[in-house]
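Database features, via TrEMBL:
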REGION    1-31  region 'Disordered'
DOMAIN    45-80  domain 'FCS-type'
REPEAT    141-245  repeat 'MBT'
REPEAT    253-349  repeat 'MBT'
REPEAT    351-456  repeat 'MBT'
REPEAT    464-560  repeat 'MBT'
REGION    558-592  region 'Disordered'
COMPBIAS  563-573  compositional bias 'Low complexity'
COMPBIAS  574-590  compositional bias 'Basic residues'
REGION    606-628  region 'Disordered'
COMPBIAS  609-620  compositional bias 'Polar residues'
Amino acid sequence: MFDGYDSCSEDTSSSSSSEESEEEVAPLPSSLPIIKNNGQVYTYPDGKSGMATCEMCGMVGVRDAFYSKTKRFCSVSCSRSYSSNSKKASILARLQGKPPTKKAKVLQKQPLVAKLAAYAQYQATLQNQAKTKAAVPVEGFSWGNYINSNSFTAAPVPCFKHAPMGTCWGDISEGVRVEVPNTDCSLPTKVFWIAGIVKLAGYNALLRYEGFESDSSLDFWCNVCGSDIHPVGWCATSGKPLVPPRTIQHKYTNWKAFLVKRLTGAKTLPPDFSQKVSESMQYPFKTSMRVEVVDKTHLCRTRVAVVESVIGGRLRLVYEESEDKTDDFWCHMYSPLIHHIGWSRSIGHRFKRSDITKKQDGHFDAPSHLFMKVKEVDAAGEWFKEGMKLEAIDPLNLSAICVATIRKVLADGYLMIGIDGSEAADGSDWFCYHATSPSIFPVGFCEINMIELTPPRGYAKLPFKWFDYLRETDSIAAPVKLFNKEVPNHGFHVGMKLEAVDLMEPRLVCVATVTRIIHRLLRIHFDGWEDEYDQWVDCESPDLYPVGWCQLTGYQLQPPAPQSSRDSQSSSSKQKKKAKSQQYKGHKKMTSLQLKEELLDGEEYSFLQGASDQESNGSASYYIKQEP
């Protein structure tokens, strides 16, 4: 399976000798490849056994296959030529980087290369990686240290279907073996050794070199999707040397036997893992594409913007009329806030016409098939109507779920919604949600799930009661059956760490924690900030990412504010956040209300108890209407 790479092991907690790899399938197999013993020689260039270098031609090969007892030469010819007149010419040729002579080809049972060539290739690889995949360091912050020191857990990669490898992660877990650079080595060339995954945190894995047993002194964190992690067998097929770490080199005299014992039956990455990582990081949106996107200063309308850059699927959009390209907006390519050119006209949404009469050179409309599709709805029967009441996440203050009203019904299932008590007279602060949006809820949702509901600003009759409010405003509640009640098996749990966009300033991706789960709704807390800046986000939001996403994509991660800074600069931090939210007209948090169940609009409903923070997955209904 690994082209002559002989690797074997004893069973581990993650072993499964009956499972086979599936190399031909496009997504990664759910079962990882099993390392097998094929009876061939497991080699490593330690200079003493296993590998040897011909003193005549420089060929690296299996030591046991070399000529004579001393194993100094790869063939009889090289042994005889060593003292001949061609000696000086051959050595000179090797120093000049010329390939070894044809007579050494018999040793190429495995695709091995000379050490000098490998070192040169390694240097070239490093340069290429530096150009194409530059990691963004965060000064003073390390996910590994942060997780280790606090015993945190991270949301697993399959929770994020929109992220790289989110749909083809497979069963990568603790115990999986990989080949990684050996940093505990004094050789001038880059060498590798086998390590096992001790702990997973998103894309990041805590690794331990084989042979260290329970010794964690040299454990290290590494991004599984990075360029330096490979499946077992990669070194053999790539001609890379495997060298045991210097710290444990004395533990075994026969490393071959050790690895044969340790690796049989263990799981490793699929052989095409790096290819799948690369494919999952190809994004269809390109610079200079034109889209329609929400106007960040007037949420009720859209504007034309141009894709300025694409990082990890996140788009920096510059509004078309911005001459200095500073008037921008960040969002993910699957965001419900962006649409193809002509979308606003097709559904009757407000649109700000650009002063630019024709497209600028090089700009072109993004194809409509690139945008996230919404579910089709049937508005022919009972449907949402203007004036109906509901509860909705306030896009200007994402920590609040507010009393809201449907102000306009658009085509294709889209609704214009306003927050009661905070609306502008001209409707400039209405915002558009689709009928299937997970950000709108029926009347009573907050009450039955013990979530604070923000009443209309200036409403004096507290505590707020929906029954009284509907009667006072002569309104009706939107029918429960019209709302999206699907709850996917998302996999999130309270306390999990992740990287999340601060949607009040969407260019920022921050260290965050899931603090509460209500069905498919997640409460996201930004580590280091006060709770009032938490945000309600859907479990399938494209603005949530696994730990290590920023490092993988080259995006800048915002670390948590240190405790000392929070204590000494609390007031300045709040001013900074408030200044930021003023651009989006965010509302202050209201006092918590204790609400009681009431009958709504004369209809009898039996409310199910909201899902607890632990009961986070599985299909469920928010409510059930009692049939007569």
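Every residue gets a Cβ built from N, Cα and C, even glycine.
Among the stretches 141-245, 253-349, 351-456, the one making the largest number of Cβ pairs under 8 Å with the repeat 'MBT' (464-560) is 141-245.
For the repeat 'MBT' (141-245), the DSSP-based tally of helix, strand and coil residues reads 16 helix, 30 strand, 59 coil.
Look at the repeat 'MBT' (351-456): DSSP puts its residues at 10 helix, 31 strand, 65 coil.
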